[in-house]
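Participant: These came from Swiss-Prot, pasted as-is:
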ACT_SITE  Cys733  active site, glycyl thioester intermediate
COMPBIAS  351-369  compositional bias 'Polar residues'
DOMAIN    1-117  domain 'C2'
DOMAIN    157-190  domain 'WW 1'
DOMAIN    251-284  domain 'WW 2'
DOMAIN    297-330  domain 'WW 3'
DOMAIN    431-765  domain 'HECT'
REGION    341-375  region 'Disordered'
Amino acid sequence: MSNQGVRRNGPVKLRLTVLCAKNLVKKDFFRLPDPFAKVVVDGSGQCHSTDTVRNTLDPKWNQHYDLYIGKSDSITISVWNHKKIHKKQGAGFLGCVRLLSNSINRLKDTGYQRLDLNKLGPNDSDTVRGQIVVSLQSRDRIGSGGPVVDCSRLFDNDLPDGWEERRTASGRIQYLNHITRSTQWERPTRPASEYSSPGRPLSCLVDENTPIMTPNGAAGVPADDPRVQERRVRSQRHRNYMSRTHLHTPPDLPEGYEQRTTQQGQVYFLHTQTGVSTWHDPRVPRDLSNVNCEELGPLPPGWEIRNTATGRVYFVDHNNRTTQFTDPRLSANLHLVLNPSPNGSRAAVEAQSSSRPGQLKEQAQSVVSPGNLPEDPECLTVPKYKRDLVQKLKILRQELSQQQPQAGHCRIEVSREEIFEESYRQVMKMRPKDLWKRLMVKFRGEEGLDYGGVAREWLYLLSHEMLNPYYGLFQYSRDDIYTLQINPDSAVNPEHLSYFHFVGRIMGMAVFHGHYIDGGFTLPFYKQLLGKPITLDDMESVDPDLHNSLVWILDNDITGVLDHTFCVEHNAYGEIIQHELKPNGKSIPVTQDTKKEYVRLYVNWRFLRGIEAQFLALQKGFNEVIPQHLLKAFDEKELELIVCGLGKIDINDWKSNTRLKHCTPDSNIVKWFWRAVESYDEERRARLLQFVTGSSRVPLQGFKALQGAAGPRLFTIHQIDASTNNLPKAHTCFNRIDIPPYESYDKLYDKLLTAIEETCGFAVE
């Protein structure tokens, strides 16, 4: 009896099989790693290593080890590059997975599981990517040999149409059917539309251990239950109604035609028999191109009307990110356009016959070969669909991540009282490549650890200091709008060029590390930062009166009206200074023939008036961190969003992307919190957001893209068990606010306001 007790409570024998890994990170430019896996039982010291597989990012080992696992033991499986492990301690690390005791029990006897590789610790700067496939078997389930497993099937992401792979909170993979709105554990093999009965309704939050309906009906509610049959019929009717396609679906293309899309998102139609292609939809007769659009009703959801540079109308499909000349309402409602009344049948037949493939000769005048569709807007081609800013930003982040060193940190320690000068001294003594390292900021005298929140607050406070017009580096562009521009009289500070260099570096660091500057410049400033020329239109947002005056000069005959020369004046600290727009411009009059040159030179001078050296210093600092060529895909408005984020706070977006911890939407704390937020003005909402996240700015994608210590992390309201005399606490690295269970709305409002306005500093719990 005693022996059996020892066996029951002592170490358990498990067989761990390390099958393969996939998509490992490539850290060398010219060669691939030699991966091997190392298995360590934390607690007992058992250690095993697999064979080394040469020159691959997708190694296959298929080796097993018998382990004795205690009640509190954990298993660490790490992947290493054999080529580098001898260089120094920790070299060659490619990722690891740590299985705690609860994870071991959950994964045991569940077959092969794909696990994401992670870093050794949260502060580790090594880049990690990929997955490893392992299985755990109990001793009584271990056979003489394991089944042959096709590793490629474990990583096959080509799911049938209508399916999506997701993970539960515990990490188990489930498959979502978008047609039947259901989920299942088994990997699907047929398109979603062929599944008539759902695995699990999406509206139900079913625990992953709850029995579900299997093909043979062995688990769950019996298949012949009349309630199930009734629900199934009703659900099928609902699906048929929701998936109906005959009302507003375009008719099939004529025989021999295919619809294709260029790499730029331009839709065209190819006639496979003749090899010619056209922008025009062959389903729509050409004589219907001038039909009254009001008769067709509104555009389908996600569509937009735009004009080319030559004024031709085209249509943008934001759902599929494509563009086309054909009105989508024409092809979708063709039967209504061609048959407006019973008497219109003959006209319909004639119109349809004119668009048949037999009349290709007539259409050939506007077609080109498939591989040579013209791209010049003057050729009336459909404009390219510009990828949305989020996608372009994602590409920029990927480019920047490749430049980040694998080791080391950019450490900055400053005091809150001297944040500007101390940051200036530390940042300016670093090399540009040091600024690419993982940013670690510490406020002197505070214990907070920087997992992103401290750096965000540092940039927030530093922005307010370095962009403050009080220091003379910048000035407001207009009295009524608080956008900034470079102060042409900044030379009163003899070190001003070095400070502009510093400002450029800080802006670059914010973009590189995924943070934001709390301030805004004029749009022409961002245009200059991109290296694009300034035009008269850029003047309108900066100086509307001057813009109107220059437009009047261009639009009217100034002969005998204006007595201007190519020389302008401006006031510098009470002194009138003259500036010649061209050599000897003081003696050159502005005439009807030279007014365009005068306006062009005036605009360039207005934006670069006395700031050429300052701007070049700032641009140099910015491009030291963010190379100029990486920004070619962006325009000035997009660059403004990248540098400054979204200043406008959308409360509805905030609410819908907030996580609740130890509370529900119906909890008083949650209701009172949002009531307080709605009562705040924009400035106070920004202060609240800065208090909780470290930044008053919202990411481009909205609140769903708030960043935490290790990737996106939603804004979180956490009701804690604490004295109601305490103030709310914020965890900026996790975007979480801890709120005690206050007795009333007024008390929550006062405590929250006090925390926002009267507190500062970081500590460690």
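Glycine is treated like the rest: Cβ placed from N, Cα and C.
Distances, neighbours, how buried they are, the whole picture for these features please.
Facilitator: The secondary structure of Cys733 (active site, glycyl thioester intermediate), as reduced to three states from DSSP, is coil rather than helix or strand.
On the 0 to 100 pLDDT scale, the domain 'WW 1' (157-190) averages 66 in this prediction.
Counting residues of the domain 'WW 2' (251-284) by DSSP class, helix then strand then coil, yields 0 helix, 14 strand, 20 coil.
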Participant: Counting every protein chain present, what is the number of Cβ atoms, excluding its own, within 10 Å of the Cβ of Cys733 (active site, glycyl thioester intermediate)?
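Facilitator: Around the Cβ of Cys733 (active site, glycyl thioester intermediate), 24 other Cβ atoms lie within 10 Å.
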Participant: DSSP helix, strand and coil counts for the domain 'C2' (1-117)?
Facilitator: 15 helix, 52 strand, 50 coil
Participant: Using DSSP, how many residues of the domain 'WW 3' (297-330) fall into helix, strand and coil, respectively?
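Facilitator: The counts are 3 helix, 13 strand, 18 coil.
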